[in-house]
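Trainee: One structure, pasted below without further comment.
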Amino acid sequence: MRVFNTLTRQKEEFIPIITGEVKMYVCGPTVYNFFHIGNGRTFIVFDTIRRYLEYRGYKVRFVQNFTDIDDKMINKANDEGITVKELGDKYIKEYYQDADSLKIERATVNPRATEYIHDIIKFVEELIEAGFAYEVDGDVYYSTKKFDNYGRLVGQNLDDLQVGARISVDERKKDPMDFAVWKAQKPGEPAWESPWGPGRPGWHIECSCMAKKLLGDTIDIHAGGMDLRFPHHENEIAQSEALTGKTFANYWLHAAFVNVDNKKMSKSLNNFFTAREVLEEYSSDAIRFLMLSGHYRIQINFTKELLDSAKSSIERLYNCINNLENLKDEVTKKLMDEAEEKYLKSLDKYREKFIEKMDDDFNTADAISVLFDLTKDINNNVNINSSSELCEKAESMVRELGNPLGILQDRIEKDLETEIQELIEKRQQARKNKDFALADKIRDDLKSRNIILEDTPQGVRWKKID
């Protein structure tokens, strides 16, 4: 397996610290609002990578944090007239609802920054003792010039970064690029007691501390959105490696943006759609399909047309599953014969191809193409003359390859199936009664819902089409 490491800017063979195990940290949301579909892509991408690692046999310890104290949260809590903790509790609950709806698996641990204040204070104290941080009027800053490799993640030296960075001017800092690891309390802000007076942690120190506490000094994979490379991830490296003297993360993975009209989707531009809004119109399968239809390091556009296309594509894949489900109930032969066993064995090439694509830096776009090739093969070769065992095993393979992508796991909608069966029986009765107008109306109504009826020797069958 090869992964693209942002740190080295090249693909590298993936070798975990402990054979068969992966320690993975993903920067999670700041819980002051519903997350938008751009954030959703990041969560879906790294959920998919986690799923695939598990599919390949790795035991994954997956940590994704909640930032539950920062300026945005303080301002939003004040606007709503509630405490910062109440705001965090509210939107963590909303996050889980939307993430569950998107089939994003729960993390092994979802730490909240406010649960690790004691550890963060200790971390800051040790940075000061090591000479990498200094206190000014209750604030504590990290001294970037003390860390030789600062800028390595984004491939720039400190001077170049200073020229291009948007940095807050504070004459108390020794260098403009120095950043806060502890912030002195301002009026009306929540605070915790510390050796430097009441205050709260800086954003970057939270992730460094929680990653170290939950995963150790060195982790296998650290991941997040492309916008976090600098300054957030750069600062995490500086803090963590200054303290431990060890490599913080062996592999850095970053997911590209989602664009609307070729501009990055963001709350600041007010061009975003929340995941919940999109889920009202589209299934999690369709949304995940769109988000994974391009390589995770390549930006994708978000449009209704592309979502509709993703919906149609997912329906094509489910059509194969639905046909196999119907065939299982209709075929008379139960067990596979020798020819069917040979055919089933021939399908292994799709599994091998799927793994080959995903092993190449998690190329979901090409892996999805393999799924379409598999279902096309099955549609052309599994029919009413096949055994129920072959139908079962073919369906199992389609679902198996869909699982790492978080798609094709739903069962046939029984309510829909029952409704259609009732309409078919009503149509049959209308034809017996020579009420052809009613029979045609039922057929046309179903057709308008992309449901086609087929007359077979075993009776009327239905299937969904694009």
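Using N, Cα and C of the backbone, Cβ positions are placed for all residues, glycine too.
According to Swiss-Prot, the Zn(2+) binding site annotation covers Cys27, Cys207, His232, Glu236. Feature annotation from Swiss-Prot assigns motif ''HIGH' region' to 29-39. For 264-268, the entry in Swiss-Prot reads motif ''KMSKS' region'. Under the heading ATP binding site, Swiss-Prot lists Lys267.
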Trainee: Just give me the nearest neighbour of Lys267 (ATP binding site) among the binding-site residues Cys207, His232, Glu236, Cα to Cα.
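Mentor: Smallest Cα separation from Lys267 (ATP binding site) among Cys207, His232, Glu236: His232.
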Trainee: His232, Lys267: which of these binding-site residues has the sparsest Cβ neighbourhood within 10 Å?
Mentor: Lys267
Trainee: Check the motif ''KMSKS' region' (264-268) for me and report the mean pLDDT.
Mentor: 78
Trainee: Taking every protein chain in this structure into account, which of the binding-site residues Cys27, Cys207 has the most other Cβ atoms within 10 Å of its Cβ?
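Mentor: For the binding-site residues Cys27, Cys207, the Cβ with the most other Cβ atoms within 10 Å is Cys207.
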Trainee: Helix, strand, coil residue numbers for the motif ''HIGH' region' (29-39) per DSSP?
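Mentor: Helix, strand, coil within the motif ''HIGH' region' (29-39): 3 helix, 2 strand, 6 coil.
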Trainee: For the recorded Zn(2+) site, enumerate neighbouring residues of the same chain (Cβ within 8 Å of the Cβ centroid of Cys27, Cys207, His232, Glu236, site residues themselves excluded), in sequence order.
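Mentor: Residues close to the Zn(2+) site, other than Cys27, Cys207, His232, Glu236: Trp203, His204, Glu206, Ser208, His222, Gly224, Leu228, His233, Asn235.
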Trainee: Just to be sure I understand the packing, how many Cβ atoms besides its own are within 10 Å of the Cβ of Glu236 (Zn(2+) binding site)?
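Mentor: Neighbour count, Cβ to Cβ under the 10 Å cut-off: 27.
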Trainee: Within the motif ''KMSKS' region' (264-268), how many residues are helix, strand or coil going by DSSP?
Mentor: 0 helix, 1 strand, 4 coil
